[in-house]
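As recorded in TrEMBL, the features of this protein are as follows:
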- 4-99: domain 'Pyrroline-5-carboxylate reductase catalytic N-terminal' (DOMAIN)
- ILE8, GLY9, CYS10, GLY11, LYS12, MET13, ALA70, VAL71, LYS72, PRO73: NADP(+) binding site (BINDING)
- ASN57: NADPH binding site (BINDING)
- 162-265: domain 'Pyrroline-5-carboxylate reductase dimerisation' (DOMAIN)
Amino acid sequence: MNKTIGFIGCGKMAQAIIGGILKAEKVSAEMIIASAKSKATRAYVNETIGIKTTSSNIQVAEAADILFLAVKPNIHQAVISEIKDSLKQEVIVVTIAAGISISDLTDAFLRPIKAVRSMPNTPSLVGEGMSALCINELVTNEDLNEVKAIFSSFGKVEVVNEHLMDSIPAISGSSPAYVYMFIEALADGGVKDGVPREQAYKMAAQAVLGAAKMVLETGKHPGELKDEVCTPGGATIEAVGELEKQGFRSAVISAMEQCTAKIKNL
Ligand SMILES: NC(=O)C1=CN([C@@H]2O[C@H](COP(=O)(O)OP(=O)(O)OC[C@H]3O[C@@H](n4cnc5c(N)ncnc54)[C@H](O)[C@@H]3O)[C@@H](O)[C@H]2O)C=CC1
Ligand SMILES: O=C(O)[C@@H]1CCC=N1
């Protein structure tokens, strides 16, 4: 792809996206520029990821054909006010900020703008991201294909109706955090029985990866796959019963409700 991709803000999520894009080798490092306020972040990104960095948001805005806004939601508006007169005419602006709507984005620019609202996740860094996105009416099919090609380079992408976007963080944007907690808990349980810590993490993570692949690749219902593990009269059904008794599913669903409620109030 021969377009300049700019990132305003270069924290955890932007670094995951940039790392994922570069790993896919569809865009070269010279075509990516990022700004960050902190000198330490700029130096780190420059040295470890190998892209151009700057303290100037305006420099990024002027250069970008596709501009990612990767700052926290509460400074989104201030950043747009700073850069809005420095954009290329046909730029596609992609926000990754949780809870920022297409209209928040377009209103802030005070002029018609090609706008994409997205919700990626940090596994993008290893090419296994899950991103959802929606667009406004100025984004052409060609633009959308370009944006989808970028997101697809570091994982899977789904285009959804905007009214669902506030619910996506709970499912895939934030959920890696709770999956890591689950992996930690599995490993702790193993360590309790004497399994060495490093082996326990490897086994727990690989079991989660394998189970996820089974859902994606066999097309079977997760309940059916669970049933295949539960030998009648065996050990797994004991664990399943205990998880139900401890409110495992309802704990997950309640956590997701809290997550979505917060997204609506960020
Ligand atoms: N971390 C995650 O897993 C995900 C984060 N997001 C969204 O990504 C955005 C960034 O989140 P993180 O990367 O986690 O946060 P972060 O705190 O790691 O990164 C924010 C970056 O913005 C920079 N920054 C602060 N003020 C700035 C300014 N005025 N101009 C330019 N840069 C500035 C900071 O130096 C930092 O590099 C948020 O809006 C969040 O909702 C979306 C999906 C997943
Ligand atoms: O915690 C947050 O607000 C962001 C949104 C999704 C993941 N991190």
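Glycine is no exception: its Cβ is also placed from the backbone N, Cα and C atoms.
All TrEMBL annotations are machine predictions without curation.
Shown here: features listed in TrEMBL, placed on the structure.
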| residue | record | DSSP class |
| --- | --- | --- |
| ILE8 | NADP(+) binding site | strand |
| ASN57 | NADPH binding site | helix |
| ALA70 | NADP(+) binding site | coil |
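Distances between the Cα of ASN57 (NADPH binding site) and those of the binding-site residues ILE8, LYS12, LYS72 are shortest for ILE8. For CYS10 (NADP(+) binding site), the Cβ neighbour count at a 10 Å cut-off comes to 29, with all displayed protein chains included. Residue counts for the domain 'Pyrroline-5-carboxylate reductase dimerisation' (162-265) under DSSP, split into helix (H, G, I), strand (E, B) and coil, are 87 helix, 0 strand, 17 coil.
Taking all protein chains in view, 12 other C-beta atoms sit within 10 angstroms of the C-beta of LYS72 (NADP(+) binding site).
For ALA70 (NADP(+) binding site), the number of other Cβ atoms no farther than 10 Å from its own Cβ, over all displayed protein chains, is 28.
For LYS12 (NADP(+) binding site), the same-chain residues 6+ apart in sequence whose C-beta sits under 8 angstroms from its C-beta are THR122. If you draw a 10 Å sphere around the CB of ILE8 (NADP(+) binding site), it holds 28 other CB atoms from the protein chains shown. The Cβ neighbour count for the residue listed as 'NADPH binding site', using a 10 Å radius over every protein chain in view, is 23. Considering only the residues assigned to NADP(+) binding, ILE8, GLY9, CYS10, GLY11, LYS12, MET13, ALA70, VAL71, LYS72, PRO73, the longest pairwise Cα distance works out to 14 Å.
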